[in-house]
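Written out below as structure tokens is the structure these notes cover.
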Amino acid sequence: MYTNIFRNNETQRYAFYTLMLLQLAILVAEIESTSTDKPEVLPTNKDYDNISVPTVLTNSSTVPPVSTNNSTLPSSHFVKLTPPPGVGGSEMKYDYGNAMGLSILFYDAQRSGKLPSSNPIPWRSDSAMGDNGNGHDLTGGWYDAGDHVKFNLPMATSAHVLGWGLEKFKDAYEHAGKLNDMYDCLRTPLDYFLKCWVPSQQTYWVQVGDGGLDHAFWGRAEDMHMSRPAYKIYPGAPGSDVAGSTVAALAIGAVVFKEKDAGYSAKLLEAAKSLYAFAKSNPGIYSNSVPQAKAFYNSSGYTDEMCEAAAELYKATKDQQYLIDAKFFYDPTLAWGYFWNDKQPGCQLLLWELTQESKYKTNIEEFIASYAPGGSVPMTPCGLTYRSKWGSNRYASNAAFIAVIAVADGIGGDKFLNYAMSQINYILGDNNLHLSYEIGFGNNYPKRPHHRGAACKPGWCAASWQDSPNILYGGVVGGPGPNDDYQDNREDYVKNEVACDYNAGFQTACAGLYHFAINNQLPPSPPAKC
């Protein structure tokens, strides 16, 4: 198992004077039953093994200084908008446009492969330039979380949610001056998916990197030297879930790029249609075909992903067969939540948007009611909807993004907007700690996220008690416990890790709230509970 985090070759060696042992843990997943009616598979992690990894400090003058990480961003409280011509502006308690823009920077920090000359993250450079599957180029995409595996299921989920937000709330990105940045953000995973899907071979590459080897390495992506195997699905080893999620991302990409780059849009749509045909003809669960994914993203089914895929293809093509398929894959039961393993609320909302049939509207109303105060999902004392300890902010953010898109589609009105604001405001500071769980927003935010790139510089990594030397702007950490309990502790990967799918719903919810604000349709912020 690879444990040396530094290059050791003829042209580059690192001198060192101080060694310390950094205890790392490989995470493995267990199955957690979330409902007696409809069990879902969630990533619940535990310490699997303790590996002593030598971490090298290049400065003999003891530990590097603790970063202050003081933000120079403007105050986020009670922002009065300068609206576009002819449009009023609502007052916002927090600057949702700023929070949205910071989130794009997080995705910039997650990029793998060759980085563009416009890369805005000074501590990131080219990495994993050898990623391939049997010689097929698989460079690019996003690293999943605080590690460096590329998992297509959560990556595609994130890309679809972000693309959906751009489709619905383009004016929010325009008003914030972030529209071009958002298009660039989406191109990273979409370009990668185009590489991963090889229609001539009926092969889709779904993962690059071994989770065990990757989690045993604590260092920068630029310094990786461990083996990075690639894993694929094909007719004999299907994966309609990951393929369906990717189709949804490609199809919404085709929609949002149609005016900006018609050629690219057509390319995305062609790939989406052929990958959908592959997924439909070869039904199956990808984590059964790729056992290396089971410990991290173990899927429980594929009908929800196939529903979203078919719905987005219908939106892009108006081909009635896709709508027929989406209705076939539709599940009318109350959704447990929206995340990489459960797209049911997205399926229901898309079908409402496309058909205006009342049963789909009822599904969404019942889903948000279950997450809102008085619903079946618990809330923390300070008001965060608490679905699971693994990414508690994620589930609340995802319910918020479903709510704001529902409002854009004529469901819920101020009631849904108030719920969405309550969740996003909690994450941005309306909590007992008066802390923004989005890094870099305001002046009080996590300084020690569980993220290798943020924690390390060339030649050394911050110790567990030190602030990260690099600010991971825009990253939303996992979130608090059921009693609003949280500590800024890098070793606590449950509450303090970041991930692409933690940010996607949050960013789209912020875009939606900003959209309603600039159009003078945002009600007053609900009062904080703490």
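Backbone N, Cα and C atoms are what each Cβ position is placed from, and that goes for glycine too.
The feature signal peptide is assigned by TrEMBL to 1-36.
Among the features that TrEMBL reports, domain 'Glycoside hydrolase family 9' is placed at 96-509.
Around the Cβ of Asp488 (active site), the number of neighbouring Cβ atoms within 10 Å comes to 16. The active site annotation in TrEMBL covers Asp488 (among others).
Feature annotation from TrEMBL assigns active site to Glu497 (among others). A strand conformation is recorded for Glu497 (active site) in the three-state DSSP classification.
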So if I measure Cβ to Cβ from Glu497 (active site) and keep only same-chain residues at least 6 apart in sequence, which ones fall under 8 Å? Ala145, Gly146, Pro449, His450, His451, Val477, Gly478
